[in-house]
């Protein structure tokens, strides 16, 4: 990065201005590419705005530089090659930004002056929340959705129609008699805070990288190559503008919003019409106050001249309209010091770093803790090793530094001065490090490789599908780790696992805290007397707590009748445990809570192995015949994959010396050759890597599991990790001393269901979803969560939604719950 002067624009020379303009333009263009093109920004919005404002200030003082750089008139970033291109009939432009009340007054005065409006004539302006999401254009023809596209560079966007059709809030057809024949709707795709938290929880559970914020999650979800991934994430949409229209349903912006509402499009309810600067600022203050309670991210208020006739007269300048302006909120951030970094062990074994801060007020709330997400975040890199922080300089209000050698690193250390961000109810996070304030004795934080809760190894699993380490480091203690203990026990006794009746969360908590049950085998060693003592002690403690809180005396001793009922309940618990001394093998496997092993995978493993000792021996054999890193890494390269890897191996083993030459067995495309050369440097380097991969092929014991479509390489790696820990093996063997497994009976050979795919949707009134699934599988059917051309039957209850549309689209038969039960009875 070229060095730039940090002096005020008013003091720099023309030569300094030209150099700064060139560097800033290139830098902004790169940040646009990362933000809009890759959904992976490395600086905050505030830092980006600071860069833009400095560029604009330079262009204002040196007009000959305006329009000469890469960023002066640019909007967004070039559309990705991964998607088909869509040229916007009307460009999707950006907005100018304002941060101070005075700038709003200047905006209104500038508009009035341009239009020549007398002081006596009012100017109507709409004010609406600025949603922090991904811009989207929806094109309807004849009322039907035909195309959905991202903004891209403003002129050409990405075709994401298939993905957008999975968003519930985007109608397939517009309603009403006045819908234009061509109606291009502009708006924002976003995620609510609650949905964002749920998505990140699923990401963490799966050992995948967490999304940094709802905007990144929404953008990443919308720009998936697989629409089913988009469909699994509850994206939302607000409509707020129009592109090409064959006829206009309104003459004002406020009228257009009303028309959109009539058409069935979601619009933001906090949009209002103002007739003075005072009203505009009052609405801005009101929305700023409500910001934390909206349930989704906004970063300001957008003002638009209400009249379309006046908008047309005002026109555009550079990359933005003269008739609109974004009034940005001040970032909810503060600068403080990290006093310590602590590790919390999550219920799934994840090691979660937490920064203990010198207390500081952020957005009106005193903050003393902030999340550091994971090990890579502490180190200041993403999964690919790319820096995610740039370091900041205080002089310009947290703007990107241009005078710091980034090789010093922007990792997070104890003693660092850091910028803390807080948005709504989201846990505060450490966003950046002030490198110039780093203490001389600050040392890089060493992430623990031993679980602080149980002393087991903590590892980052290698993902054989991607060739990368998972972002989360996890404890391998599994069944013996106290931090995971209660949750694993709750899973063990749950309905879909061993299904031990009567053992709910309260029972498990009581037994765990009393020290009676620490691992699953302990459940089968329970005796009446200690079990009763633990339950009675828990009841008395809760009674005393309630009495203290209410000021009343604790409840009297139990009568003989109540004591008898209590004894009966305890005997029922013990009987429920005894009833599970013999269990189906697949339930036993699922109950162990092995990462990546869900119900379907447990059933697949139960087909492969007759019992647990055979499974454990099979996993040990697979571990001894795992592939080497070169074999895995070759397929993990962009544009290569397993099929091309096998062709490369075949070519190398056939004695071909230049694997990149035309006419070889490898049959490589230009893009694949480029990826291989980028990874290995030269044709000789490529051949050397392929030859190493040949020697690192996995053995049959490994492929027996990894090549099975119902198990796969990722699950195989997880099984190897689990059973490589001696304490996990000991816990399973202790359990097998108490429990006997049996193979599940083969599915009934019912011609009506065998080999068919069934989907359940809506509310089922006469059975639970689990019961429905179990019944279908017992009769030989496969139960799927989504409808496709391969689906044979959809069972729909009340409230069925998009799956019904999908069934109609693919011509899949749809029946009611009653019809399904009749078919089951007949089978």
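Glycine too: its Cβ is placed from the backbone N, Cα and C atoms.
According to Swiss-Prot:
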- 45, 46, 47, 48, 49, 94, 95, 128, 151, 188, 304, 328: NAD(+) binding site (BINDING)
- 130: active site, N6-AMP-lysine intermediate (ACT_SITE)
- 451, 454, 475, 481: Zn(2+) binding site (BINDING)
- 748-827: domain 'BRCT' (DOMAIN)
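Features per Swiss-Prot, on structure.
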residue : record                                  : Cβ contacts under 8 Å, 6 or more apart
95      : NAD(+) binding site                     : 302, 320, 321, 324, 325, 326
130     : active site, N6-AMP-lysine intermediate : 298, 299, 300, 301, 302, 326, 327, 328
304     : NAD(+) binding site                     : 125, 126, 128, 253, 311, 323, 324
451     : Zn(2+) binding site                     : 345, 349, 351, 457, 458, 475, 476, 477, 481, 483
454     : Zn(2+) binding site                     : 475, 477, 480, 481, 482, 483
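Take the binding-site residues 475, 481: by the count of other Cβ atoms within 10 Å of each Cβ, the lowest one is 481. In sequence order, 345, 349, 452, 453, 455, 456, 458, 476, 477, 478, 480, 482, 483, 484 are the same-chain residues whose CB sits within 8 A of the CB centroid of 451, 454, 475, 481, the residues recorded for Zn(2+) being left out.
Confidence annotation: the domain 'BRCT' (748-827) carries a mean pLDDT of 81 in the model. According to DSSP, the domain 'BRCT' (748-827) comprises 29 helix, 16 strand, 35 coil. Residue 481 (Zn(2+) binding site) falls within neither a helix nor a strand when secondary structure is assigned with DSSP, and so counts as coil. The local packing around residue 151 (NAD(+) binding site), expressed as other Cβ atoms within 10 Å of its Cβ over all shown chains, amounts to 24.
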